[in-house]
């Protein structure tokens, strides 16, 4: 039995999709365990670039089972659009499985998300307005509608009527806007459910059977540790748990069945949306990193904020996710910068801080303590081993591994699959 979890160690957008796609080649099953279609990942397969938001990266391998676990919230309309996107490009989706326990995003979740974000004014958290948060709210409040309900005409209508009575009061009384009628939603979304029905099953059984039969299972996280609702920069976070612990509740696979946890990070730091960002760059170097690294959101198109590599953040990710392996991406983006900086600690009110503060007022006041390293000018995009890296690039990579306390297993020097290099096999480690 071998199972590997891929976790983002920063604020998302670390290149998890590419690493998951790369590791998918040696897995029999690929599963997502949290989030929804708020997370975009770009994959290059067969020389073609694909942008996915909900379906696991392993979908391009028709012999591999791809699972959307119970921990996700699924917009049926968005899922069908993504299925069509793949079908139009000749990609089969017969290998997809969707949990019957996954919660469903409905039009009132999208509306609630938009209205709540607008009402916060300057205190907005930067939601993608995909209805993710409100759907998770309903799940916690025990009024959510699950995939199993969506497929049952009577159960779906009954739950929808109950929910709309409550949601419409919210829209009318709090936001002074019209709500929805049952007829507006019911037939359309019940039909979506019927189109998705062929994929829906108990995915916990699928995953545990695979592991019990010694198949390799890859768990694909979305977002990153710093966006985790418990361990991230709350409230500037997502509504689920991207950390490795999210696998257990989000798939129905026990923690003892997880063997390795790969932390994915970029050789610098980026984030979309609001919230403290200690190493953020507002200068020409920041602009260079953004443009060379194409730092624009896959889902929103928003320019990402960028900054120097923050080892405090990645050490935090190592601790809360139990990271066993490091995949360092986008090293090539730093080529040509004369002096590179790595944040080794924070300083606040004269005190050195080695951990990420829970209090965001303190984090906002933190100044990074930097260690400087010389850069390199050589083109490294064709490098295929650590030994081939220029001395300064190799020292930078080694220092990142030392400061984070995570063993380097993979590194990448460009966006293509063949630019991802294996230092050690995470399935056999």
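Quick reminder: no glycine exception, Cβ is built from N, Cα and C everywhere.
Feature annotations, courtesy of Swiss-Prot:
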- 13: active site, proton acceptor (ACT_SITE)
- 41: active site, proton donor (ACT_SITE)
- 12-18, 40-42, 304, 330-332, 412-414: GTP binding site (BINDING)
- 13, 14, 15, 16, 38, 39, 40, 41, 128, 142, 223, 238, 302: IMP binding site (BINDING)
- 13, 40: Mg(2+) binding site (BINDING)
- 298, 299, 300, 301, 302, 303, 304: substrate binding site (BINDING)
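On the structure: features taken from Swiss-Prot.
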residue	record	CB count, 10 Å
13	active site, proton acceptor	28
38	IMP binding site	27
40	IMP binding site	19
41	active site, proton donor	24
42	GTP binding site	17
128	IMP binding site	22
223	IMP binding site	28
301	substrate binding site	8
302	IMP binding site	13
331	GTP binding site	26
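Ranked by Cα separation from residue 15 (GTP binding site), the binding-site residues 300, 301, 302, 304 are led by 304. Ranking the recorded positions 13, 18, 41, 331 by Cα distance from residue 302 (IMP binding site) puts 13 first. A sphere of 10 angstroms centred on the C-beta of residue 303 (substrate binding site) encloses 14 other C-beta atoms. Using a 10 angstroms CA-CA radius around residue 40 (IMP binding site), the recorded positions that qualify from 13, 18, 300, 303, 331, 413 are 13, 300. The Cβ of residue 413 (GTP binding site) has 25 neighbouring Cβ atoms from other residues within 10 Å, across all protein chains displayed.
For the IMP site, whose binding residues are given in the record as 13, 14, 15, 16, 38, 39, 40, 41, 128, 142, 223, 238, 302, the maximum C-alpha distance rounds to 34 Å. Residue density at residue 15 (GTP binding site): 21 other Cβ atoms are found within 10 A of its Cβ, drawing on all protein chains shown. Of the recorded residues, residue 42 (GTP binding site) and residue 13 (active site, proton acceptor) place their C-alpha atoms 10 Å from one another. All protein chains included, residue 12 (GTP binding site) registers 29 other Cβ atoms within 10 Å of its own Cβ. A strand conformation is recorded for the residue listed as 'active site, proton donor' in the three-state DSSP classification. Closest to residue 13 (active site, proton acceptor) by Cα-Cα distance, out of the recorded positions 41, 128, 301, 413, is 41. When the alpha carbons of residue 300 (substrate binding site) and residue 331 (GTP binding site) are compared, the span between them is 24 angstrom. Following the DSSP three-state reduction, the secondary structure of residue 304 (substrate binding site) is coil.
A C-beta separation below 8 Å, combined with a sequence spacing of at least six in one chain, links residue 18 (GTP binding site) to 41, 42, 43, 44, 329, 412, 415, 417, 420. If you take the Cα of residue 304 (substrate binding site) and the Cα of residue 413 (GTP binding site), they are about 20 angstrom apart, rounded to a whole number.
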